[in-house]
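Asker: Per Swiss-Prot, the features are:
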- 32-207: domain 'BPL/LPL catalytic' (DOMAIN)
- 71, 72, 73, 74, 75, 76, 77, 78, 138, 139, 140, 151, 152, 153: substrate binding site (BINDING)
- 135: site 'Lowers pKa of active site Cys' (SITE)
- 169: active site, acyl-thioester intermediate (ACT_SITE)
């Protein structure tokens, strides 16, 4: 039976590796009674290379660290002004398939941006969300023990230049775009609030409980 309560953790600005290891720990130690959680965070500049990642897609990392991680997909960039959301969900319990979860995540971004009259869309052959063929949100998940971790990154109000140091998600020349330039949410906080609403509605959560920071382990 699905847990109809979603716990939202507002982590503020946190370095990538500590949050990644906390996600792994939560997933590895959770059981059938554990809460579904949505972690909302902003990371300092970092490139993360997914399991399918090829080194040739990192063109010139320069002074930005590159971290090899255990999610799907290729290389992407995280930095200040980008909303990062990690859904830690028991999809086996809720009987949601992996492809269905990806579709729900993409659609929650599309629905949120539609509130700002932004015509965004997903693409069947390239995970993420796009506006006029420019990418506004990236997606990369990992499923372990029937539970999801990792998640999505939405460009809100950030320096997009570091994306030119890589082939984003393995696509050479892929142009990125962000919410602020399109009249969407102007801050990471606003984007997080709005995305939480559309995400919880799409996945059928009826109660939201908000927390500041990570739970004590």
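Each residue, glycine too, has its Cβ placed from N, Cα and C.
Owing to the predicted nature of the structure, the values given are computational and were not obtained by experimental measurement.
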Asker: If you measure every Cα to Cα distance among 71, 72, 73, 74, 75, 76, 77, 78, 138, 139, 140, 151, 152, 153, the residues said to bind substrate, what is the biggest one in Å?
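Answerer: In whole numbers, the farthest two Cα atoms are 16 Å apart.
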Asker: When you measure from the Cβ of residue 152 (substrate binding site), which residues in the chain that are at least 6 apart have a Cβ under 8 Å away?
Answerer: 84, 85, 105, 109, 137, 138, 139
Asker: Measuring Cα to Cα, how many angstrom lie between residue 77 (substrate binding site) and residue 135 (site 'Lowers pKa of active site Cys')?
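Answerer: About 12 Å separate the Cα atoms of these two residues.
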Asker: Report, as a single number, how many Cβ atoms besides its own are within 10 Å of the Cβ of residue 75 (substrate binding site).
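Answerer: Other Cβ atoms within 10 Å of residue 75 (substrate binding site): 28.
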Asker: May I ask for the distance between residue 73 (substrate binding site) and residue 135 (site 'Lowers pKa of active site Cys'), taken between their Cα atoms and rounded to an integer number of Å?
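Answerer: Here the two Cα atoms lie 15 Å apart.
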Asker: Please work out the number of neighbouring Cβ atoms within 10 Å of the Cβ of residue 73 (substrate binding site), leaving out its own Cβ.
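Answerer: Here the count is 22.
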Asker: Reduce the DSSP letter at residue 77 (substrate binding site) to three states and note it down.
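Answerer: Strand, per DSSP.
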Asker: For residue 169 (active site, acyl-thioester intermediate), write down the residues of its own chain that are at least 6 apart in sequence and whose Cβ falls under 8 Å from its Cβ; none is a fine answer.
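Answerer: Result: 73, 74, 75, 76, 126, 127, 128, 135, 138.
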Asker: Need one number: mean pLDDT over the domain 'BPL/LPL catalytic' (32-207).
Answerer: 95
